[in-house]
Amino acid sequence: MNNDSFSSFKFRRPSSKLHKDPPGYGSRALNSQQSTTSLKRHPSAPVYPRSSAAGSREHLRTRSNAYGSSSSSLDQNSAGASPVLGSSDSGHFHSSHSSRSRPPYSGRFSLNDQSSDELIGAPFDSRGMLSALEEHTAEPDNRSYQPPDPAERYTEKPPNFRSQTTPNPRALRQSASFTTLPPRMEAFPNAAGNDRPTNTKRFSDEATPVRPPGPSRSKKSSFSSFVNSMLGSPRGIKISAPENPVHVTHVGYDNQTGQFTGLPKEWQRLLQESGITQKEQEEHPQTMVDIMRFYEKNARGDDEVWHKFDHAYPQQPTAASPISQPAGSTTYGTQRTSPPTSPRFPQNHEGSFENPRAPPPIPRAAPIAAHAMSPPLGGLVPNRAPPKPPTAAANLVPSRPAPQPPTSSPYSNISTRPSPETQSPQFSTPPIPETEPLPSESQRSRSNSRTNGAQGPWPSVSPSHYQQQQEQAMAVAQQALANKQLERSRSQRQQQQSPRPDQMPIAQPALPQHAPSPEDVALTQASQTARAAPAARPRQRPRQSNAMDVRARLVAICTPGDPTKLYYNLNKIGQGASGGVFTAYEQHTNNCVAIKQMNLDLQPKKDLIINEILVMKDSKHKNIVNFLDSYLHGLDLWVVMEYMEGGSLTDVVTFNIMSEPQIAAVCRETLNGLQHLHSKGVIHRDIKSDNILLSLDGNIKLTDFGFCAQINDSQNKRNTMVGTPYWMAPEVVTRKEYGRKVDIWSLGIMAIEMIEGEPPYLTESPLRALYLIATNGTPKIKDEHNLSPVFKDFLHFALRVDPEKRASAHDLLKHPFMNLCAPLNHLSPLVKAARISRAQEKAQKGGV
């Protein structure tokens, strides 16, 4: 059929079909077996694939009211003519295509099951079918059949034929291949050629019974709803608000009653024992809340700064330091104003062997149990051991616990407390999580951060993922630095240098000599790098690395050899929690040295030992205690240092009255040491008289680097609470960011020590001291009128509350007060007098 005849047929046929009166068949005609015009598909009609029909939105049956029976009229195996298409049309269809072979594209083009079900009981709608066919069988020129408006198609409503028969499962189903426009079939491509044999199967889905309507569909939808409800849908997820939330600790202040609300019992007791009056609490309510939160955070955990004031066994990490005695203790009963009894050597647990001054009287606090875990105020009397930083600051070099004076060892600074592995100024140790408690005094390992190692001192965010990142950064950043440290160690031990065995037995008393293996070197480098790596917002810090890791790192930095064969005539001058301090003489030079022996198994913070060694190794200066060497001897670590026989400045200020020129000389030497540390990016953070050592000649040197922290360009401020409370700068107490200027404030407080014999607020409890530092700012000086104007001006610049306005070490070294400095040998008489007074005090107490 050519295009012209087809076009005329396309536009003429619907009109003749739709305007023709429907045949006058009754419902019985549909069931007649003699019907010659069946709706079965003609053998030559093409079969289209189910997939193309199923994917088409248009291929849906249109419901009609023409049939009201429960099954479609097309499902009846009737021989009668179609009620809509006359017999003439059917005859035309047969005549046109009886001789034409079936197109090769024989995939069945039928309605999906759902559409099939919808057709059941619906009348045959030729208009909807034609629309679907036109959509799928359109020719390349996009010509499509546009059915006339329904108003023009139907001039008479077709009769409502109703079938009285039951559906036959094998009956013909409505198929998109049924059409009255055979030419359209030619629009489909002939993929296999026109000579493809015709498929003799007339009904492509004969074997598939028609799905019965009714309950089965509702069951299916119900089942689907049930499955969806069980599996859940992303869109349906709803997160409810928390139920019955409970705020365990929420402190507030009631302005009407002037009372704090929600105070835990421990806080209430601390406030009662602190000596802070109700009026003071009402005047600065927010400051009180901040201090209590600060105090609570630092008073918990196994390395608390406040626990260093408690009475507890030193080996217990969470226990408070046994140093502080109950209120009635004779140890602290006397004021430091009486030289014979006031200066007190810290107990063994205090890592440093300096002579701390007598602790302040306990404000109306009842004597505290020796092993109290909570730090009652009375037990908080500081032994002058600096606290460890609680919060995580990037690149924080952990500081070891503050010095503890054992017997009268001037090396309290070489305290047996675990010397932190403070990195050399170039290293920055991993930051300590903000939640990390300050070190207890007994531990004196006040290390803020763990040694860097594979197990990293930092908190693991996603612990494993963060740790991996840190370890990767570790191995690269500090390669050169680690080599530098190793070379320095070798150069210092040239005389004793000997080949080391491959392995070093841990349990043997003598340290076998063995060169660090590549693994050890890599581990050391990794640990150093870890310190330099910036820390993410720290969660709680991980458990400290095991003893084997620490030993491996120590092996890499310690000198091989047996120290017992290198030093002789050891004389114990002090005792710490985990070891003692000895004087000894070197075999080849007969020089007197100080040796700090530490039992690694007794160190609460083994990682911190490396911190101090590294800082001292890299800080060679005339005003910094000289680190000589370190050895591993069995289970002990021996740290050999320069011996400062004069002891600490604490004894000098306790038993003597110093003149301004002498004070100026001490300040100048201290500032020189600080300037050197600051130039390397290191903050000491624990400057006080206990950490200033003197020789008999009056030479002055800084010691106790356990609290040192690393700062750099990217992290030039810290916000961790470190140092002993009485020497803390206001920005540290209020937990603001701070930098090098905190050492300048501590120097100013130490100058007041040299004037008055003790720092401000020493007779106050630590909690009240924190309150006074935060609220008063620059402390008042007794008898300030007796000071020279130049000295007052020096103190004014050193004790500025605003760190931005506070002078630097470089500025103070140029201050006119430095012109008053006395020669260092003028300090020698003070040192000797202090030694005599100390010996007398010890004799009165029965000798220690």
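Backbone N, Cα and C atoms are what each Cβ position is placed from, and that goes for glycine too.
What Swiss-Prot lists as region 'Disordered' is 1-227 (among others).
Residues annotated as compositional bias 'Polar residues' in Swiss-Prot: 29-38 (among others).
The compositional bias 'Polar residues' annotation in Swiss-Prot covers 63-80 (among others).
Taken from Swiss-Prot, the feature compositional bias 'Low complexity' covers 101-110 (among others).
The compositional bias 'Basic and acidic residues' annotation in Swiss-Prot covers 133-142.
Here Swiss-Prot flags 161-180 (among others) as compositional bias 'Polar residues'.
Residues or ranges marked as domain 'CRIB' in Swiss-Prot: 239-252.
Here Swiss-Prot flags 315-339 (among others) as compositional bias 'Polar residues'.
Summarising the annotation, Swiss-Prot assigns region 'Disordered' to 315-548 (among others).
Taken from Swiss-Prot, the feature compositional bias 'Polar residues' applies to 409-427 (among others).
Swiss-Prot lists 440-454 (among others) with the feature compositional bias 'Polar residues'.
Per Swiss-Prot, compositional bias 'Low complexity' is recorded for 467-482 (among others).
The annotation compositional bias 'Low complexity' is assigned in Swiss-Prot to 524-537 (among others).
If you take every residue in the domain 'Protein kinase' (567-818) and average the pLDDT, you get 88. Sequence annotations record features per position, and here Swiss-Prot assigns domain 'Protein kinase' to 567-818.
V581 (ATP binding site) carries a strand DSSP state (E or B). What Swiss-Prot records for I573, G574, Q575, G576, A577, S578, G579, G580, V581, K596 is ATP binding site, and it gives sequence analysis as the kind of evidence.
In the three-state DSSP scheme, D686 (active site, proton acceptor) is classed as coil. If you look up Swiss-Prot, you'll see D686 marked as active site, proton acceptor, on the strength of sequence analysis.
In this structure, the recorded positions Q575, G579, V581, D686 were compared by how many other Cβ atoms lie within 10 Å of their Cβ, and the smallest count belongs to Q575. Geometry remark: V581 (ATP binding site) versus D686 (active site, proton acceptor), CA distance 21 Å.
A separation of roughly 23 Å, to the nearest angstrom, links the Cα atoms of D686 (active site, proton acceptor) and I573 (ATP binding site).
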